[in-house]
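A.B. asks: This is the structure I want to talk about, given as structure tokens.
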């Protein structure tokens with residue numbers, strides 16, 4: 001499913017966590033020149049603008065989870081938008097916003113492509129349940145809503161009755177983990193999820209990590225990839241303007257290698273880029289470097305090469321090669 005067109009969808013939403021500012025992420029990423037950069041690649045780009053999310057006046061915490069109805073409703077809206085974009089044949093880029101938005105983004109994608117697999121690039125596993133979560137914040141629980149294996153570990157949260165778990169643990173790979181809560185660690189081990197911590201990346205190198213990732217997800221059959229990319233996966237020296245930075249993250253080259261390799265599969269179908277928070281940059285430079293890192297990662301996932309060669313030609317010869325092979 002190499003893209004014939006790209007849809008960009010902004011999701012200015014922050015209630016999956018308690019810090020303001022991340023709702024300004026889509027604007028910051030656009031201001032850093034995203035659309036202009038994507039226009040150099042060889043497919044039409046449709047910017048669908050930003051979704052508008054209603055603010056609920058009354059939204060009492062449930063257990064210790066803040067804003068459950070607001071987050072549930074926002075994700076339902078996003079799910080429909082992503083589903084429509086994928087259904088219309090676009091490779092879809094969702095700009096967050098906080099990582100709770102992945103619930104709607106991946107769910108909407110799965111409506112169209114139930115056989116999808118999920119690559120989660122993040123310092124955090126975001127697989128807490130309301131029972132294990134230290135903070136209660138939903139941006140740290142997104143994956144738990146998706147997994148069939150956690151169905152009986154999840155309470156009925158107000159606002160989420162529309163979400164039915166749709167993903168198997170074997171169809172998920174994490175890359176970049178370095179701040180995993182004890183309850184999450186137990187879940188990862190119990191479910192046998194494939195994950196690569198920063199220590200694994202040091203040990204194996206990013207090339208091998210991606211080989212094993214694709215072997216795990218694609219060896220049985222080719223299927224659409226959902227890439228959910230939290231900017232805090234990158235080292236805070238590269239992406240400081242984010243809500244939960246953790247030292248020792250991906251280098252620029254490791255981040256770009258991940259997205260280049262995903263592009264090279266030809267299977268990228270939806271990408272989330274979340275947790276850019278312009279209000280948390282210590283300076284204008286900090287905000288700009290974070291937003292421009294986001295643009296680089298997205299452009300690379302869509303085929304921008306580092307050597308800057310004639311991209312159209314390269315993908316053309318590749319296509320011709322595969323035609324030959326088929327014959």
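The backbone N, Cα and C atoms fix where each Cβ goes, glycine too.
Keep in mind it's a predicted model, so treat the numbers as computed, not measured.
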A.B. asks: According to TrEMBL, which stretch among 282-304, 305-327 corresponds to the feature region 'Disordered'?
C.D. replies: 305-327
A.B. asks: Between residue 230 (Mn(2+) 1 binding site) and residue 124 (Mn(2+) 2 binding site), how many Å separate their Cα atoms?
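C.D. replies: Their Cα atoms are separated by 9 Å.
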A.B. asks: If you measure residue 122 (Mn(2+) 1 binding site) to residue 232 (Mn(2+) 2 binding site) at Cα, how many Å is it?
C.D. replies: 6
A.B. asks: Within the same chain, and leaving aside 124, 126, 232, name every residue whose CB is within 8 angstroms of the centroid of the CB atoms belonging to the recorded Mn(2+) 2 site, in sequence order.
C.D. replies: 99, 122, 123, 125, 139, 140, 179, 230, 233, 244, 275
A.B. asks: If one looks at the chain holding residue 126 (Mn(2+) 2 binding site), which residues at least 6 apart in sequence have a CB under 8 angstroms from its CB?
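C.D. replies: Listed in sequence order: 99, 102, 120, 139, 140, 141, 142, 143, 144, 230.
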